[in-house]
Structures are given as C-alpha cells and as structure tokens.
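Below you'll find the structure, written out as structure tokens, and then a few comments.
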Amino acid sequence: ICVVMLFWGISDAQLSPTFYASTCPNVSSIVRGVVEQAARNDVRLGAKLIRMHFHDCFVNGCDGSILLVDASGIDSEQDEAPNQSVEGYGVVDNIKTAVENVCPGIVSCADILALASEILVTLAGGPTWQVPLGRRDSTTANAARTSDIPSPFETFENLSLKFSNKELDSTDLVALSGAHTFGRSQCQFFSQRLNDTNPDPTLNPTYLQTLRQACPPGGNPSRLNNLDPTTPDDFDNNYFTNLQNNSGLLATDQMLFSTSGADTVAIVNRFANSQAAFFDSFAQSMIKMGNLSPLTGSNGEIRADCKRVN
C-alpha cells in the first residue's frame, strides 16, 4: 500500500485503475471503440484530447471543468485565450453518450478525458499505462485560472514555475512537452520567432526558411504546422532529436534544450537517446498530472452531459 500511495500521491491514493471494476467494467473498451473510429477520420485526435486533458488538469485540477460551456453561474474556460484553439469536444460528447448507454450515471467526464488520452497515445505508437480512475466532475468552471496554463510565449523561468506550481518537476516538464511529438500548431503561436531582422537564434537556419515559407508575414495566422516535422502523427522520441537539431517548433519546446545551464538539457538528451526512457517517464508524468487535485468521494458530481452541470 505504501508503494501505491507514494506513486499516486498521498492525498489522492483513492484513485485506482480498478475503480470501475464492478460498476462499469467495460469502460475502457467503450472509450476505445469511440476514439478508434474517430481517429480514423481525424489524425490529430490524440493530440487534441491529450491537450484538452492537460488544459483541464492545470485549472483547479483534473475535474472536467474545461468541458463546461457558458450557462447561469458558469463562466466557461473554453472562451479564454489558452483554450480558444482547443478542439475535440464533440468526440468527448460521443464517448460520454456511449458510456452512458451502458453505465448510466457512473463514469465521470474527467475520467473519460484521462482514459481517452492514454488510449490515443497508445494508438499512435506510444506507451501504455494503467490510468488511475475515480475522479468526479466539477460543478463550476474557473475562467480566471486559465492563466495557470503554460502558453507558447512563456520565458523558461515562467514555464518551469507553472509546472512546479502544480508539483510537477523538470522531468515532468520535459516528458509532458514530449506530447508535441504529434499534432499541429498554428502560425500565430511561433511566428514571432521568424522575424526578418531578428529571428530566434535557436532556430535551425534551414528550418527557419521552411517555417517562413509556411507562415509568411500577413499570411494566415491559423495555418497548421507539424509540431514534429519528421514523424508528425507518430508518438515517438523524435521530438527530442528535433530539439537537438534546433528544430523545435514552439519557443517553449526549443528552450528545453537551448537554455544554457538548464537541468532540462540533460533530460532532453536522455529521451533523445532512449525512446524507452521517454515512454517510461511520459507514462509516470501523465499519472502524476492526472492526479492533480481530483474531486473524489462525495465531492463534485457525475455529469450526465459533459457540457453542463446536472
């Protein structure tokens, strides 16, 4: 028991991979069925839902608050700057519908996000892990606290601080940033690095020219670019070898390797040299992140509709 408590964190040891063993034993396969189908039509789905899970957990913990839309007493987190480009809510609704059809009133929307993230990472070739379950859904949103979510424009100090404020360390920061091994980002989130007169010196010159062609001045700020130009849809450790080659797309990616004296540099090198080391750390960091201040027991509720409180 001591080992489990240390691994999951003392305060939230009540989360357990077997939480639904008697009440909804097929929950993982139900979620998998929906996301496998959806991922066939949207190669970006894994990146979308893991980002949603991450953005949910960084605001008041992993409580499904990001899923709530504006309503009486609810100031939605979805409309705030960090979340305006978050996508995939419709798939979450489809998963919830499928789960409710089999196990009504049992499985939280917060747990659905955690389960879907793991399944989609695995489908893309990434690691598998046992997802601790038993979170309940919030009855409130917290639009103001979306400022806790790291932005692509942070300094290294602020980026590190936003993680350490959630009791996530440098290994967690580098491992979780490795989720950028798949998915896309819009020009507006990195075009400041492409400045004609003063481009980001940590950008590989060849990659700089490629990005300038993709995101010219006055071009479409929403144009999508691969976060990993080598294997854009695979979950692998190429993200880290890209950083070693000065080919991180976002400034907050590249600074993990290019910040002189930072403890993240050695971690990037370790993950670049060993995909197994990355996969192991990523799984542990996802469990750790998923344990941020969950609502359990009689706190919160099990929403019937992820978009609205009951």
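From the backbone N, Cα and C atoms, a Cβ is placed for every residue, glycine too.
What TrEMBL says about a protein is an automatic prediction, not a curated fact.
The domain 'Plant heme peroxidase family profile' annotation in TrEMBL covers 14-310.
The disulfide bond annotation in TrEMBL covers CYS24-CYS103 (among others). Applying an 8 A CB threshold to same-chain residues 6+ apart, the list for CYS24 (disulfide bond) reads VAL99, VAL102, CYS103, ILE106, VAL107.
Cβ neighbour count for ARG51 (site 'Transition state stabilizer'): 21 (other Cβ atoms within 10 Å of its Cβ, all protein chains included). Sequence annotations record features per position, and here TrEMBL assigns site 'Transition state stabilizer' to ARG51.
Neighbour density for HIS55 (active site, proton acceptor): within 10 A of its CB lie 22 other CB atoms from the protein chains shown. The annotation active site, proton acceptor is assigned in TrEMBL to HIS55.
Counting only same-chain residues at least 6 apart in sequence, those with a Cβ under 8 Å from the Cβ of VAL59 (Ca(2+) 1 binding site) are SER65, ILE66, GLU77, ASN142, ARG145, THR146, ASP148, ILE149. Taken from TrEMBL, the feature Ca(2+) 1 binding site applies to ASP56, VAL59, GLY61, ASP63, SER65, GLU77.
Sequence-distant neighbours of CYS57 (disulfide bond) (same chain, 6+ apart, CB under 8 A from its CB) are LYS166, MET289, GLY290, LEU292. The annotation disulfide bond is assigned in TrEMBL to CYS57-CYS62 (among others).
All protein chains included, CYS109 (disulfide bond) registers 29 other Cβ atoms within 10 Å of its own Cβ. Under the heading disulfide bond, TrEMBL lists CYS109-CYS306 (among others).
According to TrEMBL, the feature substrate binding site maps to PRO150. Other C-beta atoms found within 10 angstroms of the C-beta of PRO150 (substrate binding site) number 20, with every protein chain shown included.
A sphere of 10 angstroms centred on the C-beta of HIS180 (heme b binding site) encloses 22 other C-beta atoms. Look at TrEMBL and you will find HIS180 tagged as heme b binding site.
For ASP228 (Ca(2+) 2 binding site), the count of additional Cβ atoms within 10 Å of its Cβ stands at 26 [all protein chains shown]. What TrEMBL records for THR181, ASP228, THR231, ASP236 is Ca(2+) 2 binding site.
Per TrEMBL, disulfide bond is recorded for CYS187-CYS215 (among others). Long-range Cβ proximity for CYS187 (disulfide bond), meaning a same-chain Cβ under 8 A and a gap of 6 or more residues, is found for ALA214, CYS215, GLY219, ASN220, PRO221, SER222, ARG223, ASN225.
Report note: the Ca(2+) 1 site is defined by ASP56, VAL59, GLY61, ASP63, SER65, GLU77, and the residues of the same chain whose CB lies within 8 Å of the CB centroid of those residues, excluding them, are HIS55, CYS57, PHE58, ASN60, CYS62, GLY64, ILE66, SER138, ALA141, ASN142. The shortest Cα-Cα distance from HIS180 (heme b binding site) to any of the recorded positions (HIS55, ASP56, ASP63, PRO150, ASP228) is found for ASP228. Fewest Cβ neighbours within 10 Å among the binding-site residues SER65, THR181, THR231: that distinction goes to THR231. Other Cβ atoms within 10 Å of the Cβ of CYS215 (disulfide bond), summed over all protein chains shown, number 20. In this structure the alpha carbons, written CA, of HIS55 (active site, proton acceptor) and ASP236 (Ca(2+) 2 binding site) are 22 Å apart. Shown in sequence order, PHE182, THR230, PRO232, ASP233, ASP234, PHE235, ASN237, ASN238, TYR239 are the same-chain residues outside THR181, ASP228, THR231, ASP236 whose Cβ sits within 8 Å of the Cβ centre of the Ca(2+) 2 site.
Separating the Cα atoms of CYS306 (disulfide bond) and ASP63 (Ca(2+) 1 binding site) is a whole-number distance of 11 Å.
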